[in-house]
């Protein structure tokens, strides 16, 4: 077990300045000639406005990062995204828009009357796009989990415009983890108000760019609606599963209390985090729909966990295999991601993580063909898994997982796969960021069939989500490289570098060092040149 008594990880949560133009990175090792394009990533970069701090990991203002690869040379660039939240904070020199875990106090310059009237406008929802970037047609959008996404220029990192999803399709928000098919079709999921005011979850589909070159956003549509376990309290949804024919939605016990959400925050100084609560009795409900839009009337149930990231999902012989990064229990993991926790000294960081839900990568197997005659039996007949699905007399199907990775307070998280070729299909390898008591301190490759692991780790080095880039001539699933941004706060070292690993054995191929610190990034993509 690696320890971090020096607390170098605190550098992940330090404000930095944007760059006016790209800087050259210093390369050691040898960069494959076929690696041409840009690694684009998002994360917080401004952790306070003047004297006002942001409190939660998901509050800092969105910073867009880019590493460019061209003929063995590497440059690094970064710009703050010009969201409303950022621009207004810069203009007024205070936090203007309430973020995930930080309440924005009303304008001190306003008198009681104008405050009273602005109260009736309700909540101004944040557009702080710090979580991910994804393509729609020929455009690129940075996003968080609200209804606002931000169109950006992937070459210059300039902000183009804010887009409100509500104007195109019936959702109150959408996740930062859409699925993108090889033809460019985008699928996503969001909460919405369903029939007779009950809550529901809509799957939205944005078609690929057509010959008419019209913005595909204008052609977005809802393809299927999943019901909600509680008509007033939708579950928090962060990602979902997609195969060639099916959509899998995992409904967890982390709930959004809409009454709290809709009652005016401005009266009681609340933020988004204040609106979450846990349902301690429901466990987890899994739902399946055909991609064409028909809901399967099968009630899958299992015990409680938090879920942020699906690893992959695929079909096999009348079963759906659903691989997940879970956190055991119903308490919300985000309760442990306040900056004060993450910036604490190592002993305190460990103490906090002991109390938190424990991470485990799991495989669930969902039978699609149910025969009432099999009540009481395990329906899973696949030879290669120990996961079970038992048909109960109330017609629910109780699932028990196969554990594919587990270590005490060691998470396999921010999972990535060879998505273009193996997303939604049978696969062998996943790449993840290893969290040690929530501190990212290693990169891990996992064989989901044999459970074999390969690890890259260095003392006082704090990596980010690993992104797999396939060799264009690849014949095998893991023929390619893995990219990660690493910070190295130790003395005498350059503050950060882009790390390139051989995806086969996680050995170092090259690194490209920069002279500036790079704060935490969450998700991103590799855009081929």
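If you go along the chain as it appears here, the first residue is 1 and each next one adds 1.
Cβ atoms here come from the backbone N, Cα and C positions, even for glycine.
Quick look at what TrEMBL lists:
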BINDING   177, 238, 309, 523  Fe cation binding site
* Applying the rule Cβ within 8 Å of the centroid of the Cβ atoms of 177, 238, 309, 523, what extra residues of the same chain belong around the Fe cation site? -> 131, 132, 175, 176, 239, 308, 310, 414
* **Cβ-Cβ neighbours of residue 238 (Fe cation binding site) (radius 10 Å)** => 19
* Structure fact -> Cβ neighbour count (10 Å, all chains) around residue 177 (Fe cation binding site) is 20
* **Cβ-Cβ distance under 8 Å to residue 523 (Fe cation binding site), same chain, at least six residues away** => 41, 42, 131, 132, 133, 176, 177, 414, 465
* Asked: For residue 309 (Fe cation binding site), what is the tally of other C-beta atoms lying within 10 angstroms of its C-beta?
  -> 20
